[in-house]
Amino acid sequence: MSARAPKELRLALPPCLLNRTFASHNASGGSSAGLRSSGAGGGTCITQVGQQLFQSFSSTLVLIVLVTLIFCLLVLSLSTFHIHKRRMKKRKMQRAQEEYERDHCSGSHGGGGLPRAGVQAPTHGKETRLERQPRDSAFCTPSNATSSSSSSSSSPGLLCQGPCAPPPPLPAPTPQGAPAASSCLDTPGEGLLQTVVLS
């Protein structure tokens, strides 16, 4: 263990410092020329140590700068991705809202048109009923005329004494045309019965 420690120290220290320490251990004293040479060697050794320290520090600085740049690039890429994703979500939401509003407006317009058609339909039905009533009355009048003519022809000898009876009143207007037609068809039968009784 003791032998390995000096080896590690020798590897860590620059060669000028190693030579100086080795010379100091070997020779305890020396001439003035040797001291001058050692002083000059000491100055050059300091510059060498400074250069080594600067190189090591610069290399560490370069590594730190590279790591920070990589980290910043990752952060920027992630932030841009999230921002773009949020914008896309907002656009999708806006488009969905616009489509929903369009569908709702078109449905409201279509629903408004249907009740109008339903309101107009009953009026058309009323008009058709009103048109049917005059036709039914027109069909009724010839039957009354035929009944009066048949009564006069069947009993030519009999004359009306006093004022003649008024004609039967017209049936009340009904909402449907079928009952009115049936009532009109029943009137000639009644006239025939009256003529038979008179004869």
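Keep in mind that glycine also has a Cβ here, set from the backbone N, Cα and C atoms.
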Annotation match for N-linked glycosylation site in Swiss-Prot, from N19, N144: N19
Predicted model, mean pLDDT over the topological domain 'Cytoplasmic' (82-199): 61
